[in-house]
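Read through the structure below, which is laid out as structure tokens, and then see the notes.
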């Protein structure tokens, strides 16, 4: 009787775990879909990196949903094979996550340098010829309150259709009360706002976007680390519960 209660209790714990696991997979799928829908705003900066993140979220979400489905079915039907498969799948996902985290840490500087090189090449050469790049740069400069890759002087390296370097309006400091650009700050030739014109330069953001984005990532890195630890802990609980249920069912089968 006690053994029956234990099986029933663990079975429902495994089921509830898989239900939560299933929902987390659905959230990842939704996030991946949202990234694909919103890609026009950001993919111009690094289309390959952006689409890789979106596709990884989609693929991971789908895998989690399928694994959770196997776990639910195994728990409800008390199927040992499905429970064992669920344990193996969770273990593989867990090991892949550890491998990805280690790789990201080892290659973090190389990834950082490659992204910086790509930005240095794409913005000056393609800002005025590709709408996706223009939209992405404007979005970043407005959101992070920055101008250029390193500072506003980077706009002196771009070439507009007039063959004259231009500084974009998204570099303009906005009126905090009305969210409007200062009337004195508009898109204009870079040559008209050289460093000696201090009054005009004050109308534009002076901080570079590269450092702003890097600082933003560093400040929010703890959220990713915290989420990773929580997710890993949940997976370990799932593996322990599924293996415990598997062992109890197998022992009962041997007894009878």
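In case you wondered, yes, glycine gets a Cβ from its N, Cα and C as well.
TrEMBL has this to say about the protein:
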{"type": "TRANSMEM", "residues": "12-37", "note": "transmembrane segment"}
{"type": "TRANSMEM", "residues": "49-76", "note": "transmembrane segment"}
{"type": "TRANSMEM", "residues": "83-107", "note": "transmembrane segment"}
{"type": "TRANSMEM", "residues": "221-249", "note": "transmembrane segment"}
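The stretch with the most CB contacts under 8 Å to the transmembrane segment (49-76), chosen from 12-37, 83-107, 221-249, is 12-37. Proximity of distant same-chain residues to the transmembrane segment (83-107), defined by a Cβ-Cβ separation under 8 Å and at least 6 residues beyond the stretch ends, is recorded for 14, 18, 63-64, 67, 70-71, 74-75, 228, 231-232, 235-236, 238-239, 242-243, 245-246, 249. Outside the transmembrane segment (12-37) by six or more residues, the chain places 50-51, 53-65, 67-69, 71-72, 74-76, 83, 86, 231, 234, 237-238, 241-242, 245 with a CB less than 8 A from a CB of the stretch.
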